[in-house]
Ligand SMILES: Nc1nc2c(c(=O)[nH]1)N(C=O)[C@@H](CNc1ccc(C(=O)N[C@@H](CCC(=O)O)C(=O)O)cc1)CN2
Ligand SMILES: Nc1nc2c(ncn2[C@@H]2O[C@H](COP(=O)(O)OP(=O)(O)OP(=O)(O)O)[C@@H](O)[C@H]2O)c(=O)[nH]1
Ligand SMILES: [K+]
């Protein structure tokens, strides 16, 4: 982890530009520029000195001095801007011909194309927002429900960071307490009372649990879950897929091996976003295309949260299905779906077996689909009644888990009567994990990972 130094920061001297509005035609488009050349570029494009933070109506000129549009230009001098640098915005008529031409002119004037998320990354690197706030911007843009959007806004406004920072300060206080006792140790006065510190650490763990639970709802609301349908050919995976997404996207035929590639659809069921994946039937195939589909299926399974292993045999898994079950990656929720109950008039139900839960359904009649959905929500821990307060990501949940584990280790060290140095070190670890959430500590790889998924111009 790097403390506030970054190679990505080196590029901050460039002036960057991008079209901030979606591609295509629309009422208005915005071309955005950030960096030290803004003032100069504004003069070249508008032939005026722009009044700061004011809607300047003006003509826009290209690098070869042709008038290309008339619109609104905004100039935000540093540091009072979104990125903390000089920012320039051109609000043009929403024609790609105009925006592309304008953008191209900006390159002639010395700007370069911004990377995805680079405006937000600069806002982070210039301490305008912290890392989880930057992530909240992307989450707000990507949100699929009003609740998710409101949560993301709350994180963007710093609600989540505030909770994390408070926790971090409490950890620092405890560490100072422990460390000050190290300073005094040669005088043989130990001012650390293990009992009172243990209590404080327990309080911290309780707070982590509360934040975690709210963050988990926030993350679920934002990211949803990825669910894969797998199974032998012809058991009805594609039929179930179509039933769940509510349209005929996957081809259904009597011919085994119809689905050869992976299909994926994002759906939202009562607020829970589900990314549903239909896969090629898994079996020993001799068809090359099918084999490739099977290979992709196995790879895809590494990224899912919940596997629905579909069978059409009401009496239990066949030998091949049982082998398939045993080959599934560890640590992923698996539910057995016995499909085609309409054929032998079995009622829809959910039952416990030694291989986990079994749900009996019919993709044809839709019986039992509600049970399946309810089960997916429950296993995900999705509880819409528990109003979540902010958006969060899995990255944050992982960091919170690591923090909690480090606090647990600190408690163990205290109980064992370990030296103050060891206890302080554990506390420092816990504190660093929290710092990863807000970006007090980060690596360039982490920044790359986060910002590369942003839209361009954001
Ligand atoms: N036209 C336009 N609309 C937009 C944005 C934008 O960049 N341009 N935003 C982009 O995401 C969002 C608004 N976010 C913004 C965040 C900070 C500042 C800003 O100028 N901050 C200064 C001054 C704050 C103040 O005066 O209170 C600062 O932080 O110093 C501007 C927009 C959504 N709408
Ligand atoms: N009676 C009945 N037939 C079903 C049901 N679900 C699917 N089928 C039929 O089973 C056959 C196979 O269905 P698919 O959905 O293509 O099966 P699949 O598992 O995706 O097959 P592959 O593409 O080979 O992997 C089709 O003829 C479907 O109409 C069901 O619940 N009841
Ligand atoms: K089929």
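The backbone N, Cα and C atoms fix where each Cβ goes, glycine too.
No curator has checked TrEMBL annotations; they are predicted automatically.
Sequence annotations record features per position, and here TrEMBL assigns (6S)-5-formyl-5,6,7,8-tetrahydrofolate binding site to 32, 89, 128, 458. Secondary structure at residue 458 ((6S)-5-formyl-5,6,7,8-tetrahydrofolate binding site), taken from DSSP and collapsed to helix, strand or coil, is coil. With a cut-off of 8 Å between CB atoms and residues at least 6 apart in sequence, the same chain places 20, 116, 117, 119, 120, 137, 138, 141 near residue 458 ((6S)-5-formyl-5,6,7,8-tetrahydrofolate binding site), listed in sequence order.
As annotated by TrEMBL, domain 'TrmE-type G' applies to 224-381.
The 10 Å shell around the Cβ of residue 280 (GTP binding site) contains 27 further Cβ atoms across the protein chains shown. Marked as GTP binding site by TrEMBL: 234-239, 253-259, 278-281.
The Cβ of residue 234 (GTP binding site) lies under 8 Å from the Cβ of 254, 255, 256, 281, 312, each of these being in the same chain and 6 or more residues away along the sequence. Marked as K(+) binding site by TrEMBL: 234, 253, 255, 258.
Cβ neighbours within 10 Å of residue 238 (Mg(2+) binding site), excluding its own Cβ and spanning all shown chains: 24. The Mg(2+) binding site annotation in TrEMBL covers 238, 259.
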Kindly point out which of the binding-site residues 89, 128, 234, 253, 280 have a C-beta less than 6 Å from some atom of ligand 3. 234, 253
If you count CB neighbours within 10 Å, which one among the binding-site residues 32, 237 has the smallest count? 32
One should report the C-alpha separation between residue 238 (Mg(2+) binding site) and residue 128 ((6S)-5-formyl-5,6,7,8-tetrahydrofolate binding site), rounded to whole angstrom, as 48
Please list the binding-site residues from 32, 128, 255, 458 whose Cβ falls under 6 Å of any atom in ligand 2. none
Widest Cα pair spacing in Å over the listed (6S)-5-formyl-5,6,7,8-tetrahydrofolate contacts 32, 89, 128, 458 is 19
Expressed to the nearest Å, what is the distance separating residue 253 (GTP binding site) and residue 128 ((6S)-5-formyl-5,6,7,8-tetrahydrofolate binding site) at their Cα atoms? 56
Distance from residue 280 (GTP binding site) back to residue 128 ((6S)-5-formyl-5,6,7,8-tetrahydrofolate binding site), taken between C-alpha atoms, in Å: 47
Sorry to bug you, but what's the C-alpha spacing from residue 280 (GTP binding site) to residue 89 ((6S)-5-formyl-5,6,7,8-tetrahydrofolate binding site), rounded to the closest Å? 48
